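Asker: This is the structure I want to talk about, given as structure tokens.
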There are 2 protein chains.
Amino acid sequence: MDIASLRNAHFEHWRLAAAIRTLTLDAVAAANSGHSGMPMGMADVATVLFDKHLRFDPKAPFWPDRDRFVLSAGHGSMLLYSLLYLTGYPDMTLEQVKNFRQWDSRTPGHPEVHHTAGVETTTGPLGQGIANSVGFAIAEEALRARFGAKVMDHHTYVIAGDGCLMEGVSQEAIALAGRQQLSRLIVLFDDNGITIDGKVSIADATDQGARFAASGWHVQAIDGHDPAAIDAALTAAKADPRPSMIACKTHIALGSAAQDTAKGHGALTDAKLIADTREVYGWEHGAFDIPADIKARWEAMGQRGAQARAEWEARLAALPAARQNEFRRVAEGEPPRKLAGAIRDVKKAAIGGKAVATRKSSEIVLEAVNAVMPETLGGSADLTGSNNTLTKDLGIFGPENRKGRYIHYGIREHGMAAAMNGMALHGGVLPYGGTFMCFADYCRPSVRLSALMGARVVYVFTHDSIGLGEDGPTHQPVEHLAMLRATPNLRVFRPADTVETAEAWELALTLPGPSVLALSRQNLKPVRTEHTNRNLSAQGAYVLAEATGKRQVVLMATGSEVEIAVAARAQLEAQGVGTRVVSIPSMELFSQADEKLRRRVLAPGAVRIAIEAGVRQPWDRWLLGDGGREAKAGFVGMSSFGASAPAEVLYEKFGITAGNVVQQALARL
Amino acid sequence: MDIASLRNAHFEHWRLAAAIRTLTLDAVAAANSGHSGMPMGMADVATVLFDKHLRFDPKAPFWPDRDRFVLSAGHGSMLLYSLLYLTGYPDMTLEQVKNFRQWDSRTPGHPEVHHTAGVETTTGPLGQGIANSVGFAIAEEALRARFGAKVMDHHTYVIAGDGCLMEGVSQEAIALAGRQQLSRLIVLFDDNGITIDGKVSIADATDQGARFAASGWHVQAIDGHDPAAIDAALTAAKADPRPSMIACKTHIALGSAAQDTAKGHGALTDAKLIADTREVYGWEHGAFDIPADIKARWEAMGQRGAQARAEWEARLAALPAARQNEFRRVAEGEPPRKLAGAIRDVKKAAIGGKAVATRKSSEIVLEAVNAVMPETLGGSADLTGSNNTLTKDLGIFGPENRKGRYIHYGIREHGMAAAMNGMALHGGVLPYGGTFMCFADYCRPSVRLSALMGARVVYVFTHDSIGLGEDGPTHQPVEHLAMLRATPNLRVFRPADTVETAEAWELALTLPGPSVLALSRQNLKPVRTEHTNRNLSAQGAYVLAEATGKRQVVLMATGSEVEIAVAARAQLEAQGVGTRVVSIPSMELFSQADEKLRRRVLAPGAVRIAIEAGVRQPWDRWLLGDGGREAKAGFVGMSSFGASAPAEVLYEKFGITAGNVVQQALARL
């Protein structure tokens, strides 16, 4: 690479980009950790993007109509932090850059949304950013259709590397974006030919351009160090009606001794290498020293955005007040006033009803919710009829109908979950999506990120146990409730009937962060017999049925096993054994309740039997803690994978029956 | 579709294929559940494959050099069961077919390996089969290179549907197979244009042929109902040096009223529809009634395979005895005699050694293991230097060198895990593969299948806690130990030093089923101070350091936290508090130990503090069960996601320190 001729050909551009490169070298050296090569390779692309195309305002990082910039290759975080510092995001001081990867800094190893202004999504786990970006672009299309181009009219730009494109989730994202013709989505592929283990060619021979084109993308390939070519490609990408991929041929760790090598991917901390690289760059400034003229030039880019934002504010202000308020409400994620009433009506109507599967209960709730909550964007990974996620009048979202509120994600649980994260982060929409609970496995990396990012996404996981029957062990979740409950910041609901399902939905739609609804395939008898406006699920667990006389046994259960607990209680009570039934729709919420309440509900001293068609791991706490005792605790559930047979046969064979519960309880009295 | 002309043009073929179609209709109707359309659509392809190409012997379903047939679209299980019954697999009686999807039948809803002879891998979770098949093909190449084409020379055939190809894991598989030029891999794509939610086009616009071609595959497109075209395409596929994809244009639920519709994908149980379809087929036989001449014709296909097998047996018998024995040893998965000695030597040498990360310990073990165990096939998802999975002299596996024993999987955790499942199921090789433990999420569906299938795969998950430091919460596992431990049949090891790592590897390589090794990034002080040949990790937990005098406290820990327990013990003992340290390298093995042993190790009555840099969920059992008591139990670990900072800062900030352990213990005395 002839750096001198690059510098000479575009001197101002070179210096702007060199600021990113040297800040990266300095911060990584200070941290003695990080990834130098990617920011050094993609500095030219990022500079042109920010200088000529990206619409952003550092003083208003949450402006709803800003362009979104997603660094899918999150390990190159110093690229982003450099850009935020240079363009003048107030929180991104030079001090923060110097504290790269240190405790409590705004500059963690990988970019974290809600932690650092200007970071749109948390990246690092590869492929997530590009898959989030599909959700960003969908949200933009949906909001543009709803509120008009005057208030919603922006692009989503992504920088993705080979790692992102090798991860399978990228294929799901690419195919979905292609089908959806998301023309505002522009992916800049850092085509540097290097991964951690060496050349890309040791593991891949894919023609990435041909691959994107096969899914309907507009594809270009350019020299990623030529500012004119970058600019022209971005302009062409914006003009094309398809999603665009620009393969930017770059040199990782450009200009250093580690250029074009796997070593260049990592932390370049050798003082001589850094000094030599500075010299190659013609950069005569000290560590972390950015000349004022260059800093000013970078800040001017942000100022251009400030003007665009002011114009946008004016356009918003010109809308009728009701439209403005509605836009602000959805942008801020406030639930509509009518939601509480809609939920209440469903709860009331459900009392005394017939047995229905909670997936069907969920559909009943969604019919009511979707009618009063126009920001919901539903969907399913090709299990619409089974997940019961499509309600009437939603319409199908697509290039034909951007007002549609239901997305056919295809058989792409991972792409769906990642897209939903993008939508939730974009704001203005509230995504929910369905699949079988067992296939929570397929979207597990994105579910974790929902939790880490606190994104308000609702996972509708139906067929939540062996109760799905004949499909067998490949489709029967057993350990999934444990896995989901073990995840910090994730709220798992396993409602027992329509009333609890309505309460779970209400909490999922109003509390911050993600929620999982675990719903049955099989019909369940209603367990709530009286209406109350109060959301009993909000405390996580509650006494569903009290013992008659002396309380000797407490049966704890969730979801489809609550009716088994109720049946077992009837048998025990008939034998004179006072038995309480506790329904625990959400262990997370119950954990947050104070100890006094928990003990009141769980009643120390009594025999405790927990009933759930999953593994015991999450139950030990409730069986043995909060006043529980080993000798008086029993579990009726699964300790192995399931099997293929009708559901009722499976419950019998695996011993999840009222009879077994009674026996377990009596044995401990 | 003009069925009559199909029938007339190839009358014998038609009747062979119609046998599959009608058995499917009859079995699904009897079960009132299942998927009729796919077997009806792909019957012609399967018939030609079995009749003209597949080398199989129903009387010897585990013959090592058989062709492998993988039904990736596992919901079409009746296609496979029909084939097994028709060709005469002894266990697959007509009775079994009639018991489709019933308890304890050989015909579960989705095919299950080790449950039904002739089923090569468990499928149903979409995309897994095609990704397993890459492993089957790699194993075949590796064994051919090692033992010669006389004993290893076969193909892997896969039937995959749109669902398989939409799942991201398929991209990882396709790209890996393309790079590896797995010429013996042939994918038959059931290109029927229909998914559960409707037409494929509602969710996908991908040109699948172009997509495969972009990764270096040989691609053909044919009429999937034309036996001559199917035969010709299979012949061409076998001749081509690339992996082959044949897009077979088919009609789902062919000949029925539900043909070419989403309804046809599911269970066709309507009696009239079935009767009408029989008529369209010109099939005048009753339910489950296969005419003797057709059955005989199908059985003849299997007899052709019996002859091929006999010839193969003769070729194997002609090898020198040592070669034969070695082939039989690896084919049966028997560990080599030298393994125990190699492990013992590593353990001995480690006593008194300096602090090393357990990922490095693992490398030390692998150097010894790989030297005496030529069946290992290692690899990493592009983290070779971090996972420490590549030992000297392994060589890199590739088209250039099929004797290489290390695979650069690329940034494809899911594809790697699924391929390893295929290798383990193929037999003759023992796969291990590395990634960061946090990215266990990316391969979670395949890890679950390893467990469900009992496949001997070793997952080398390094960077197993906040101890990885600066990379931050996206890379720091917190809930992963809980998730992995909650999974039935999965053995999780978290060794504390080199000795325990050697013991964990020994168990992983000799016990049946999959194992996970959770290994530290950071250096750990050796905790074992004396050598013993006995594998102490085999009982899951053991007393590492006994209390002096009266035992008041038991500290339990795993992996990197064992040294913290040891340090805390020293402080407590210095204060006169008798403290035992229990190391628990594997909770699964400890759970299998008898209660007496468990209580002996955990010492009821003492204060128990568990220390692990993960969530508490899996620990409640050990803290509160086996004689534990709530008031005397404490946990020092994580209850939130981690953060980006140097490891030692994080341990301090999250309170995972000897000082905190001491404080927690004293507070409970």
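The chain as shown is numbered from 1 upward.
Cβ from N, Cα, C; glycine included.
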Asker: Of B:Asp153, B:Asp162, B:Asp226, B:Asp231, which one shares the Mg(2+) site with B:Asn192, B:Ile194 in TrEMBL?
Answerer: B:Asp162
Asker: Given that TrEMBL annotates B:His75, B:Gly124, B:Pro125, B:Leu126, B:Asn192, B:His265, B:Phe439 as thiamine diphosphate-binding, name the residue from B:Gly161, B:Gly163, B:Gly469 that shares the site.
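Answerer: Candidate listed by TrEMBL for the same site: B:Gly163.
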Asker: Considering the substrate binding residues B:His35, B:His265, B:Ser386, B:His463, B:Asp471, B:His475, B:Arg521 given in TrEMBL, which of B:Arg7, B:Arg359, B:Arg551 is annotated for that site as well?
Answerer: B:Arg359
Asker: In whole Å, how far is B:Phe439 (thiamine diphosphate binding site) from B:Glu413 (active site, proton donor) when you measure between their Cα atoms?
Answerer: 7
Asker: Averaged across the domain 'Transketolase-like pyrimidine-binding' (B:356-527), what pLDDT does the model get? Just tell me the whole number, please.
Answerer: 98
Asker: For the recorded positions B:His35, B:Gly163, B:Asn192, B:Ile194, B:His265, B:Arg359, which ones lie near chain A, with a CB less than 8 A from one of its CB atoms?
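Answerer: Listed in sequence order, the recorded positions near chain A are B:Gly163.
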Asker: Near B:Phe439 (thiamine diphosphate binding site), meaning Cα within 10 Å, which of B:His35, B:Ile194, B:His265, B:Ser386, B:Asp471 (recorded positions)?
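Answerer: For B:Phe439 (thiamine diphosphate binding site), the recorded positions whose Cα atoms are within 10 Å come to none.
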Asker: Quick one: pull the CA-CA distance for B:Asp162 (Mg(2+) binding site) versus B:His75 (thiamine diphosphate binding site), whole Å only.
Answerer: 12
Asker: Where the record says B:His75, B:Gly124, B:Pro125, B:Leu126, B:Gly163, B:Asn192, B:His265, B:Phe439 bind thiamine diphosphate, what is the longest distance in Å from one Cα to another among those residues?
Answerer: 34
Asker: Between B:Gly163 (thiamine diphosphate binding site) and B:Ile194 (Mg(2+) binding site), how many Å separate their Cα atoms?
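Answerer: Their Cα atoms are separated by 9 Å.
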Asker: Quick one: of the binding-site residues B:Arg359, B:His463, B:Arg521, which has its CA closest to the CA of B:His75 (thiamine diphosphate binding site)?
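Answerer: Nearest candidate: B:His463.
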Asker: Whole-number Å only: compute the distance from the Cα of B:Ser386 (substrate binding site) to the Cα of B:Ile194 (Mg(2+) binding site).
Answerer: 43
Asker: In the structure shown, which of the binding-site residues B:Asn192, B:Ser386 has the fewest other Cβ atoms within 10 Å?
Answerer: B:Ser386
Asker: I want the residues beyond B:Asp162, B:Asn192, B:Ile194 whose C-beta is within 8 angstroms of the mean position of the Mg(2+) site's C-beta atoms, in chain order.
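Answerer: Those within range, site residues removed, are B:Gly41, B:Gly161, B:Asp190, B:Asp191, B:Gly193, B:Thr195, B:Val200, B:Ile252, B:His265.
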Asker: Pop the Cα-Cα gap between B:Leu126 (thiamine diphosphate binding site) and B:His35 (site 'Important for catalytic activity') into the table, whole Å please.
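Answerer: Spelling it out, the Cα of B:His35 (site 'Important for catalytic activity') and the Cα of B:Leu126 (thiamine diphosphate binding site) are 14 Å apart.
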